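Below is one structure, written out as structure tokens; the observations come after it.
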Amino acid sequence: MDIITGILATAVLAGGVLALAALGEVLAERVGVFNLGVEGLMALGGVTGIIAVTIIPNPFFGFAMALVVGLVFGAIFALATVTFRANQVLCGLALTMLGSGLAVTVGKPYSGMPAKAQFDKVIIPYLSDLPILGRALFSQNILVYLIYLIIPAVISFVLFRTRHGMNVRAVGENPAAADSAGIPVTLIRFTYVTIGAALGAGAGAYLTLAFVPSWSDGVVAGRGWIAVALVIFAGYRPFWAVFGALLFGVITALGFVGQARNWPIAPPFLSMLPYLGTIAAMILPVFVWKRLRLSFTAPAGLGIPYFRDER
Amino acid sequence: MALHFVRSPVVSSARALTARVIGFVLALGLGALVLGIAGFDSLHLGRQIIVKSLGSQFGLEDLGLLYTPLLLTGLAVTVMARMGLWNIGADGQFYLGAFVTTAIGLFIKGPEPFMLVLMFFAGAAGGALWILVPTLAKAYAKVDEIITTLLLNFVALLLVYYVATGPWRDRVSGTTASTGRVPYKMPDFFGSLHWGFVIALAAPILFALALRYTKWGYEVRLSGANPDAAHYAGIPVRRRLITIMLLSGAIAGIAGMLEVAGTVHRLQGGISNNYGYLGVMVAVLARGSALGVIAGAFLMALILNAGIILQTQGLTTSAVLALTGLIMLFTAIADQFAHYRLVRPRAATA
């Protein structure tokens with residue numbers, strides 16, 4: 001029983017990183033912008049969080065500063081891809097290189113030091129006493145509750161239950177039609193890409209302030225890319241993205257448990273599991289649930305810059 | 001009405017090049033400004049870079065050693081770009097090429113020329129094998145190749161890290177992070193520059209010729225430009241896609257083979273030196289032209305060499321990666337700006 005609780009608790013904690021980054025990417029892709037810079041944004045957010053708590057030892061301050069840095073770099077990315085309409089794949093890769101390079105350069109003096117402040121566990125009374133699930137689900141840091149429940153609920157509600165959300169989705173599906181209906185395409189794209197980027201950077205701060213908790217060179221380790229893959233796997237739906245992230249949390253947790261219990265598999269092979277699992281998750285559903293994939297297709301306008309004069 | 005911008009769908013090469021040069025200079029300027037604020041003497045650094053990389057034979061040899069893998073990884077990405085696909089996994093394919101080469105070099109004995117040929121083809125096969133799953137997933141299930149190729153980079157890195165620190169660890173010199181020395185070596189061509197450089201320089205030319213003058217090349221170009229039309233014309237688009245992706249992987253694998261057999265002579269964790277990711281940058285600079293790779297890779301080699309010189313002045317490789325990202329961002333924006341033209345409308349006639 002203890003081992004299951006342990007795996008679940010780690011899975012929830014580890015999955016939170018992917019979930020928050022994937023939620024940010026859902027926002028960007030829903031308005032039709034493919035942001036491949038998540039990896040770089042996470043690195044920037046992670047290092048910002050660590051530096052901020054070194055100055056003021058409060059995890060909320062660290063997380064907030066990471067969001068601000070995410071907004072700034074998200075605005076730069078949105079300026080390039082939405083306002084200037086530059087190639088999204090290139091700008092995304094550029095943002096990943098710029099962000100990762102900058103974060104490692106700036107973070108050098110902080111590398112390997114434990115975080116000066118980190119998110120504490122918030123134990124929910126009664127629920128946390130439940131057998132097996134209690135400690136795994138209801139004795140986590142506050143961000144976990146935000147990431148798994150509140151943020152996806154807000155995004156789902158706005159996207160699927162409000163008029164504004166319908167406009168937002170229209171911008172991602174068919175920007176030309178949205179434009180002729182009077183919806184401000186550029187403004188909506190710019191706003192959502194920027195907010196999405198802030199969540200990506202927030203995921204980085206979660207990584208360094210709640211999960212690891214410290215900064216080192218390769219700490220992001222491709223999680224940004226796994227988050228991008230998750231969004232496709234989740235069919236661009238917020239709660240599916242969170243659920244997918246939890247699945248990957250389980251895979252990551254299995255790797256940790258394997259190392260701790262000396263399973264006869266070398267640690268590098270256990271570390272490969274999340275990447276191999278992601279690839280499997282991208283390929284298998286196409287064969288298994290063909291019908292499901294139809295309703296899980298990407299927004300029709302994804303990846304295509306919108307030019308009014310070429311309508 | 002005031003002045004306004006008009007977008008033209010086609011851009012002349014001269015305009016595109018001008019926009020890029022402006023973008024490149026702006027990115028460098030911004031980088032220099034940031035370095036200046038951080039307390040470095042940017043002008044002095046710039047002079048150091050030019051003198052040290054182009055002013056001596058050692059400098060040129062080092063430049064050539066960086067140029068070689070960039071030519072191949074840049075070509076690998078460009079080959080796939082011709083079909084409208086992105087190979088972001090050249091780093092992983094590079095690692096696999098290096099891995100297979102090292103395996104053969106360490107465990108098989110034979111005459112050197114024969115072994116080098118064997119390692120060459122094995123390296124190519126290793127790279128192609130590493131892109132096999134993304135290829136089949138793309139060809140038969142339309143799974144996005146950007147992410148599948150990219151995620152395999154991490155798997156390849158872990159695999160190489162495992163063998164280099166574990167079973168193949170060097171037991172002679174006692175280093176912990178690399179394998180023993182591979183006894184077969186590419187012959188030298190110019191100073192410490194090996195014949196792999198010539199192979200790497202010939203590869204884009206060969207590919208450009210194949211693309212231009214063979215039926216296969218014509219079919220690839222057509223499939224890339226318009227898959228539906230190509231399919232309608234009876235071209236086996238899927239088969240061309242599979243060969244192009246495997247070829248791309250094989251080229252990146254050869255880059256890894258040459259790095260082991262020509263430059264490093266052993267397998268170690270960081271052997272790819274980000275060449276795969278920088279290859280994407282080279283392909284972007286080359287704008288999908290195989291011959292453009294020769295110029296793009298040279299520029300990238302200069303930047304990378306500049307980075308190595310800057311390291312002796314107290315800057316890190318990550319600063320170079322950041323600068324590369326900045327240049328790429330400005331290039332992407334410049335490519336778009338080249339489409340715009342400032343127009344003064346004629347006075348309205350009543």
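We count from 1, first residue shown onward.
Glycine is treated like the rest: Cβ placed from N, Cα and C.
A TrEMBL annotation is a machine prediction, not a hand-curated record.
The following features are taken from TrEMBL:
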TRANSMEM  A:6-24  transmembrane segment
TRANSMEM  A:36-56  transmembrane segment
TRANSMEM  A:62-82  transmembrane segment
TRANSMEM  A:89-107  transmembrane segment
TRANSMEM  A:142-160  transmembrane segment
TRANSMEM  A:190-212  transmembrane segment
TRANSMEM  A:218-234  transmembrane segment
TRANSMEM  A:239-257  transmembrane segment
TRANSMEM  A:269-289  transmembrane segment
**Message:** If contact means at least 3 Cβ pairs within less than 8 Å, sequence distance 6 or more, would you call the transmembrane segment (A:190-212) and the transmembrane segment (A:269-289) in contact?
**Reply:** no
**Item:** Tertiary contacts of the transmembrane segment (A:62-82) (same chain, 6+ residues out, Cβ under 8 Å)
**Value:** 33, 35, 37, 40-41, 44-46, 48-53, 88, 91-92, 95, 99, 115, 117, 119, 143, 186, 189-190, 193-202, 204-206, 209, 305
**Item:** Contact ranking winner - A:6-24, A:36-56, A:142-160, A:269-289 against the transmembrane segment (A:239-257), Cβ under 8 Å
**Value:** A:6-24
**Fill in**
Ranked by Cβ pairs within a distance under 8 Å of the transmembrane segment (A:218-234), the first of A:36-56, A:142-160, A:269-289 is A:36-56
**Asked** Going along the chain, which residues at least six beyond the ends of the transmembrane segment (A:36-56) come within the CB cut-off of under 8 Å?
**Response** 17, 21, 24-25, 62-70, 73-74, 77, 88-89, 91-100, 102-104, 106-107, 110, 113, 115-118, 197, 200-205, 207-209, 214-215, 219-220, 222-225, 227-228
**Asked** Counting only residues 6+ away from its ends, which parts of the chain sit with a Cβ under 8 Å from the transmembrane segment (A:6-24)?
**Response** 38, 41-42, 132-133, 135-137, 139-141, 143-144, 147-148, 151-152, 155, 195-200, 202-204, 206-207, 210-211, 223-224, 226-228, 230-231, 234, 238, 241-242, 244-250, 252-254, 256-257
